[in-house]
Amino acid sequence: MAIAPLLPSSPGKMPLSDYKPLSNEELSQRIEKAKAKLGKKLLILGHHYQQDEVIEHADLRGDSYQLSQLAANSDECRAIVFCGVHFMAETADILANRPEKLATRNGERVSVILPDMAAGCSMADMAAIRQVEDAWDQLGEVIDTSRMIPVTYINSAASLKAFCGKHGGIVCTSSNAAAVLKWAYERGDRVFFFPDQHLGRNTALTMGITNAQMPVWDPYAEEFGGNTEQALVDSKVVLWKGHCSVHQMFRPEHVAQFREKYPGIKILVHPECPQEVNDIADVSGSTSKILKTVEEAPPGTKWAIGTELHLVNRVKKEHPEQEIHFLSPVVCMCATMYRIDLAHLAWTLENLLVDEVVNPIHVDPDTAKYSLIALERMLEVR
Ligand code: 13P
Ligand code: SF4
């Protein structure tokens, strides 16, 4: 697996080690105090997978698409603390500091902070820019890549978004993937989809594209991603061999077990689940669609939900009128999201109070410029 290099954590004026021994109660109080002092200069964004203790302090929460919109539209804040993972903070930095926004602030940047630099995404780490560039060059030997549209899932490094921006491509999220594929086929004949093979496959299948038209590109294979030239010539989507280790754990036998034990139960999954699970689910959608589906269902509906554990447990707590189960006998949690804890959040905010920006995420200007092209397309396509 290609591990994206993360910068080391900043030392900060107040060291992180001072916060680790404190109780959650004390940390929560200090976080709220710091928030009150920083006022509108601070915006805390939280992804739905964050643990309850952390998400309670977020000003706004959402799925990846909504969080990108919120960062893009932020006006008053001068610091965004992102309770999520690295690619989300990079996206926020690119959107909050795009030239049009910088002009309205006389060039003043919004600092984007990731409370723990080790909060990466293992799926994003499965595609490195040099591997994508190499694949593109090899594809160019067999097909006309000027008619191929690169689409990167937002769960990817900024360099891959920049690649899409440079090559007439686009970024998608789990909430607009079908609209993005439609956008791509209005502009080309084929799609190169990375890094999540499951989201790419599950979405393309709903558009009538068959598995035979979706070869999988293995970046570690010797030649042509492990495919024959003919398979690439016949392709409609070339899928990258990447996946989410959390959603990979949900299996069709779990669906069968729930259906047998709880007749009438509905299966609700995230489209990062493998095809065998996605195909037999009742509903598939982004984290916000999962929330909305439960919110809008009649009381007493039975659900087995296949997505990250913290979100499922929260939905269960917030909707006692529904019967909610977790669609796996084993714990499937996003270990990197979980790295953001109260100690890191308090440390980040109290350093901000003394004008110290710890763990800044600042995408280099050239990468930001080209990523922005692909991200603005994403925000336009719903
Ligand atoms: P959403 O965009 O649906 O919130 O998903 C983000 C993610 O990382 C899912 O694993
Ligand atoms: Fe990445 Fe999977 Fe965690 Fe989402 S749940 S952030 S895809 S590792």
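Note: Cβ is positioned from N, Cα and C throughout, glycine not excepted.
On a predicted model such as this, the values are computed, not experimentally measured, just so you know.
For His47, Ser64, Tyr153, Ile154, Asn155, Ser174, His270, Pro271, Glu272, Thr287, the entry in TrEMBL reads iminosuccinate binding site. DSSP assigns His47 (iminosuccinate binding site) to a strand in the three-state reduction.
If you look up TrEMBL, you'll see Cys121, Cys244, Cys334 marked as [4Fe-4S] cluster binding site. Spatially close to Cys334 ([4Fe-4S] cluster binding site) yet at least six residues away along the chain are Tyr49, Val85, Val246, Glu308, His310, judged by Cβ distances under 8 angstroms.
Taking the Cα atom of each, Asn155 (iminosuccinate binding site) and Cys121 ([4Fe-4S] cluster binding site) are about 7 angstrom apart.
Of all the Cβ atoms in the protein chains shown, 28 others lie within 10 Å of the Cβ of His270 (iminosuccinate binding site). Checking the binding-site residues (His47, Tyr153, His270, Glu272) against Cys244 ([4Fe-4S] cluster binding site) with a 10 Å Cα-Cα cut-off leaves Glu272. Spread of the iminosuccinate binding residues is 17 Å (greatest Cα-Cα distance among His47, Ser64, Tyr153, Ile154, Asn155, Ser174, His270, Pro271, Glu272, Thr287). Here the C-alpha separation of His47 (iminosuccinate binding site) and Cys121 ([4Fe-4S] cluster binding site) works out to 13 Å. Rounded to a whole value, the Cα-Cα separation of Cys121 ([4Fe-4S] cluster binding site) and Tyr153 (iminosuccinate binding site) is 12 Å.
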